[in-house]
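J.: One structure, pasted below without further comment.
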C-alpha cells in the first residue's frame, strides 16, 4: 500500500525510483528521524544549480553573466521550488515529526523546497546526471522558457494586476483562508480570487504579504504567464 501511495507522487514527478529507500529518505524531515533528507538536500542543491546554469547558458546566448545569475537565482530560490512541490502535492507525502505536522509543516515553503532539493539529489543517486537533467528541465520547462528579464524586477502581485488591467478584467481579491503555527512561527494561507474569471488560487507564506505574493504567482502560472 505504501509503495502504491508513493507511486502517485512519482507519476506526478515523471520519475520512478528504482530504490524506494532513497525516495523515502528524500521525503523524511529531520523532525522525524536522524536518517533524514539533509544530506540529499545538500547534493540536490548543487545539482539543481548546475542544471539550471547549463540550461540558461545554452538557451539565452545573448544574455550577459550578471543577468544569467539573476535568472538562476529566481529559478532555484526556495519560493520557486516550493511552488513546484505544490504542483506535485508534495506536502501530502512528507514524513514529518508530530510537532511539524501540528504546526502545518507540510505547507511550509522551507520544508517543501528542501525536500525538492533532496529529491533531485535522490534522482541523481538513483540514476545519473543525464536523467536528472531531463527530469528537472521537465519541471522547469514553462518557467524557464517564458522568463522575461523585465518582469524579474516586478513582484507577482504587480505583474498579475498589470495583466488583469491590460485585459480589462477585475482586480484580484486577497483574503486569509487559514493561519497555522505559533505566533512566532505562523504560516498564512491566502486565497486570491478573480471575480470576472471565477478563478481562485491558494498561496502560502510566513507573513500575509508573502502568502499574497505566493497566491499571485499561482495565478500567473494558471494563466501561463510566469
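The backbone N, Cα and C atoms fix where each Cβ goes, glycine too.
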J.: According to Swiss-Prot, 114, 117 bind Mg(2+); identify which of 41, 182, 187 is listed for that same site.
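T.: As annotated by Swiss-Prot, 114, 117 share the Mg(2+) site with 41, chosen from 41, 182, 187.
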J.: Kindly assign residue 41 (Mg(2+) binding site) to one of the three DSSP-derived states: helix, strand or coil.
T.: helix
J.: On a count of neighbouring CB atoms within 10 A, which of the recorded positions 41, 45, 117 is highest?
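T.: Of 41, 45, 117, the one with the most crowded Cβ is 117.
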J.: Near the Mg(2+) site, what residues other than 41, 114, 117 in the same chain have a C-beta no further than 8 Å from the centroid of the listed C-beta atoms?
T.: 37, 38, 40, 42, 44, 45, 113, 115, 116, 118, 121
J.: Under DSSP, the domain 'DRBM' (155-225) has how many residues in helix, strand and coil?
T.: 29 helix, 23 strand, 19 coil
J.: Once the chains shown are all counted, how many other Cβ atoms turn up within 10 Å of the Cβ of residue 114 (Mg(2+) binding site)?
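T.: A 10 Å sphere around the Cβ of residue 114 (Mg(2+) binding site) contains 27 other Cβ atoms.
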